[in-house]
């Protein structure tokens, strides 16, 4: 079943937002930022190719960022930035789950009774 046009557009917007987040992390110019940027590129590749693992990795990436927003790594940011980051990351996880169900290409295998059994 082909996904609707709305979900496909939402998929590309989601990929662009992940890429923008990765670019932000790379702009911090530290080792952790570079790692997060590379992980974001991997997420975008999986999401654009509509692979199931891409959405899983994107949800894990957003969940990790949500966790960072509540931990000590974000201590230099004001509380309003942290709450906004938590909200955006929560939406990212929810959107990854939705797109995983609606857009991801599902593997199709033949039924068990047709796998080499003589009729």
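Cβ coordinates are placed from backbone N, Cα and C, and glycine is handled just like the others.
The transmembrane segment feature in TrEMBL is assigned to 7-26, 32-48, 53-69.
Below 8 angstroms of C-beta separation, residues 14, 18, 21, 36, 39-40, 42-47, 82, 85-86, 89-90, 92-93, 96-97, 99-100, 104 of the same chain, each at least six residues beyond the ends of the transmembrane segment (53-69), sit close to that stretch.
Remote same-chain residues near the transmembrane segment (32-48) are listed as 11-12, 14-15, 18-19, 21-23, 25-26, 54-55, 57-58, 61, 65, 99 (criterion: CB distance under 8 Å, separation of at least six residues from the stretch ends).
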